[in-house]
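Features as listed in TrEMBL:
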- Cys284: active site, nucleophile (ACT_SITE)
- Cys158, Ala159, Ala160, Pro161, Gly162, Gly163, Lys164, Glu181, Asp212, Asp230: S-adenosyl-L-methionine binding site (BINDING)
- 63-353: domain 'SAM-dependent MTase RsmB/NOP-type' (DOMAIN)
Amino acid sequence: MKLELISDVVCRWLSSCVVVTTPVENKTKGKLQKQICQVVLDHFEKQYTAELGDKWTSVRDVLTCPSCWQYAILLNKFSQSAELENTLRVEGYHPAFQGTLPYLPRSLKCYISRTPRRFPAQKHQTGKLKEYYLLNAASVLPVLALEVKDGEDVLDLCAAPGGKSITILQCASPGQFHCNEYDDLRSRWLKQTMESFIPDPLVNLITLSKLDGRQIGDFKPELYDKVLVDAPCSNDRSWLFSSDTQQAKLRLIQRKELSSLQFQLLRSAIKALRPGGSLVYSTCTLSKAENSDVINLILKSCANVMPVDISEMAKAVSQEFTFLSDTQQHELLVLPEKGKAWGPMYVAKLKKI
């Protein structure tokens, strides 16, 4: 089978397997709890012990304990509620991002709590905007690294379910905003997210597409000032709770193809980027093969890109996030730990020259 076909299968297969948890009733608490997939845990145990050393034990304890996961609340500036902000503060939430960040628009408001809890989700209602979006706070970091300014042309290459696209629009008003999602189901999910958070006049100015991300650079060469590649990856949190053991085994086998797909997406993104423009690559996996190895390969094979230092951003949020110490200045890796259970989230920034 050709590499291109394999990558296409992996991309579509990943997109169709986002929700993979099977709840079982915990009779003592009367709640639904997730079951860990032992096949995936054994695989991660071997890989991440080798890659993270002693840190893996504490990371594993968070990833395998959904009850200690924390959820951030991203407020929607298009449906502001002073009452909601007051409620969050009364309940012990505080701003996740403040102080000396190199890029922090005043319009971006994201609240977190040190106590593991989940604020009630709002249902999608046609014609009514939601007041907030629940997300992993580490998901905001790629957007802060991208530093979108008003009027810039922006591409979100792998945009579903839409959380980072929503965050970009909380930060700035792009001149042209192109949100792309290859998979049909996830594309519909993206469209619904945008309709839930962005008012009609602005939604109509956003381009939603279902193009193959590996080909966008050829279709739209040097068209964008900023590109976000939140790439398909082996989602560690989700995979640990795979409900089908055979599916999990297949997923782990096909995982080897992901780095090739991610490399192709990055190559395409670089083509779509204007000279002088910036690109941010992110994943929600701890895997070195899908993170720093992919970026290092891009830097070695593409003479027209250079790394961009994001260490100041990491330093500015170090009280809220735990980072792997053994990374280069153009990258960061958020490690989940109790009390700061955000991530995993890998972020790297490049500039086209």
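Along the chain as shown, residues are numbered 1 onward.
Every residue gets a Cβ built from N, Cα and C, even glycine.
Here the residue listed as 'active site, nucleophile' is positioned 14 angstrom away from Ala160 (S-adenosyl-L-methionine binding site), judged by their C-alpha atoms.
Looking at the residue listed as 'active site, nucleophile' and Lys164 (S-adenosyl-L-methionine binding site), their Cα atoms lie 13 Å from each other.
Here the Cβ of Cys284 (active site, nucleophile) has 21 other Cβ atoms within 10 Å, regardless of which shown protein chain they belong to. With a cut-off of 8 Å between CB atoms and residues at least 6 apart in sequence, the same chain places Ser139, Pro142, Val143, Asp156, Leu228, Asp230, Ser282 near Lys164 (S-adenosyl-L-methionine binding site), listed in sequence order. Averaged over the domain 'SAM-dependent MTase RsmB/NOP-type' (63-353), the predicted model reaches a pLDDT of 95. Counting only same-chain residues six or more apart in sequence, the Cβ atoms lying under 8 angstroms from the Cβ of Gly162 (S-adenosyl-L-methionine binding site) belong to Cys179, Trp189, Leu190, Thr193, Met194, Phe197. In this record, S-adenosyl-L-methionine is bound by Cys158, Ala159, Ala160, Pro161, Gly162, Gly163, Lys164, Glu181, Asp212, Asp230; the longest C-alpha to C-alpha distance in that set is 20 Å. Cβ-based neighbour count (10 Å, all protein chains) for Cys158 (S-adenosyl-L-methionine binding site) stands at 25. Most buried of the binding-site residues Ala160, Asp212, judged by other Cβ atoms within 10 Å, is Ala160.
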